[in-house]
Amino acid sequence: MVDAVRTQGLYKRFGQQVAVGGVDLVVPRGSFAGLVGPNGAGKTTTLSMVTGLLRPDGGRIEIDGHDVWADPVSVKAHIGVLPEGLRLFERLSGRELLMYGGQLRGIPLDEVGRRADELLKVMDLAEAQDKLVVDYSTGMRKKIGLAAALLHNPRVLFLDEPFEGVDPVSANTLIEVLRRYTASGSTVVFSSHVMDLVERLCDWVSVMNRGLVVAQGPLDDVRRGRTLNEAFLDLVGVRGNGEEGLSWLGSPA
Amino acid sequence: MARVSGMTWLFVRLKLSLVRGGLRGEVGKQVGFAFSLGAALLAAVAGFGLLSLIRFAPPDVALDLVSAAFAMFAVGWIVVPLMAFGLDETLDPARLALFPLTTRQLATGMLAASATGPWPIASLVALSGGVVALAHGPGAVLLGVPAVVLQFAFCLTASRLVTTALSGVLRTRRGRDLLAVAAVFGVLLFQVPNLLINRGFSGDPTRILASAGDVLRWTPPGLAAHAIADGGLIGVAELIVVAMAVVVLGWLWIAALRHALVRPDASSQGGGSVRRSGRVPFGRFLPDGMLGAVVAKELKYAAREPRGRVNWIAALFVSVVIMFSMRGPDGSAGPGIVVGPACLAAVVIGLQAANSFGIDGRSLWMNAVVFSTPRDLRTDLAGRHLAMAVIGVPLLTVVSVIAALVAGDAAWALAAAPVAWGVLGVAMGVGALTSVTAPYTYPDRLNAFSGAAPGQGGQAFASSFATMLVTGALALPVALPVLFGLTWWAVLAVPYGVAAAWAGRRIAAGIGFARLPELLTAVSRPT
């Protein structure tokens, strides 16, 4: 079976700094995949290149067997993206944003309206749908961003830190929607810092460190009996155990 | 009373330590502080010197000039803190709401604090130049000192009143949006007298000054200036009126302050709702699909995004300015005086298309993840052009008709309007090319006047300038014959413009699609 995402030797540098130094990312079709790594590991850069928003300096990217940069027509219609930083069209209302996205993708107007109504309801945004996105809270922005990414029913969904700064109620909504989505055989790739969440949601994990994939595979293969957090700390090599210094900190015995 | 004065002293010290705070921190900040201190000193000396020099003018002119200067100080004191809201932490009463202070303590304290600092001292020094300019005799000098102090107090209380009354509004996104547009209006309005004088509207600056003096005569700044010039009993009476005005403003300010302190902070509650899409004015005429989506989005942005509104207002204003300044005083006739301004207005409006993607900025990725062929980008550009035409074409028609009426022959509008539409088309075609070859980030801030993100200013200038030059050159074949009286040539203008816009889009889409990621980076720079 063709993998949902497969990169070979993906490479990107900014000036002197190598952000991504030859990444071979693999995500099988139908998996709920977590991309984890410390800050600066190259997760965002990798996702930007995979989704066609940032030009790689080298390497190949295939989504469902189609090259992202050589054959964008076959790729772009079938992927959904929620980039980091919640950059949305601020001066459209939540509903207008969905309508715009849907029409941009050539979905007929009444179909877009129907899907937007359902998404807004599921995301619990029905009340705020006519407010401008600029006035939305972080959780609302993540939810409307996810709704926009799902509107055209993509086969692969890329989410960069979708749970960052989201309240537990909104996070739960996001998770429910994503679970339903992967249950039907679609693929989700998301980056996160929160190991517990990745451990709870994902069946496939890719661990990045300093611009490289250092471990990759089904969740149980990566953690090998430990918690994912322990496995992760081993993989990225933690220096110091936090016991030196700070002797003054805490209540006196 | 002792508590009040103690508290006042505390506020003054708070302000002084805030001013001193500018001295700590990085070198850049210190240099900035030294620069601002130097500028304040310079302003004080120059203001005092210039006002003093008015002494050499004839007495009635001098009085009018000082009245105008005093009035400008008052306006400056009201407007500047509004633009730079948040610059001075002591200004916002909400920050002090949690402290156990009476309104009276708060009022005197904040007033004293706002009189402290380099810029207030500088304006006090500059204002006292008015005494030198107007006082003849010891009585006038004696009245002059309280007159200057009262004028200063008037500036302070008026400024406090306006900021406090608006502070609730200024903390909301909507209020700041509104203010960004209002600020542009303010700056443009300042150009009006300039324009009138340049045009020689009345032919005589002293007459304008005299009429300004008449208007200002009974305002507090005018009264204060007059009191110094009078130096007698009438002057005393006038100063009493000014003092009363200050007291009334102070009282109003205390009322506003009391209100501001107990009113809940609405800044986090967000703005209101907008009407459903599909019910925008042109909604039902728009085609379904990508083109219609882009047009609808662009029209909404022109109305809702402050930078969009600012661009259109500026374009409109420049058109009006051109219209008036092109009419030569010798009354030269011919279609040129109608066609010329209309074409220039078209260029000014078309300049907005020189960085089409800038207004989308960081949200452009939403388009980029969809566009998979150059054709998509072409449709996007076409949508942007169509939206611009929806607003620009009626506007240019109005400009042409007014210019023709002013010139005395309404029929010339029939030639001017099509040529202007054609030039707009050429400008859009050229703009499509600069949009993809030299894109830059619009700053995200309230400030509507700095053109681009740090480091891209030169590029922004170059791209607008190139658009203007190339548009001018390409528009010559249609505009020139009409300018010289070959009016039937105007029928060619619209097809020519449409063709130019089409060709521009076609070439730009090819270039732009190939460098879509670079385009995205260029318009998403941090500002």
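First residue shown is number 1, and so on along the chain.
Every residue, even glycine, has its Cβ placed from backbone N, Cα and C.
According to TrEMBL, the feature transmembrane segment maps to residues B:460-480, out of the candidate ranges B:460-480, B:481-501. If you look at the transmembrane segment (B:233-254), the same-chain residues 6 or more away from its ends with a CB under 8 A from one of its CBs are 103-104, 107, 111, 139-140, 143, 146-147, 150-151, 153-154, 157-158, 160-161, 164, 220, 223-224, 226-227. Between the transmembrane segment (B:386-407) and the stretches B:33-54, B:333-354, B:419-440, the greatest number of Cβ pairs separated by less than 8 Å involves B:333-354. Using a Cβ-Cβ cut-off under 8 Å and counting only residues 6 or more beyond its ends in the same chain, the transmembrane segment (B:33-54) has close neighbours at 22-23, 62, 65-66, 69, 118-119, 121-123, 125-130, 132-134.
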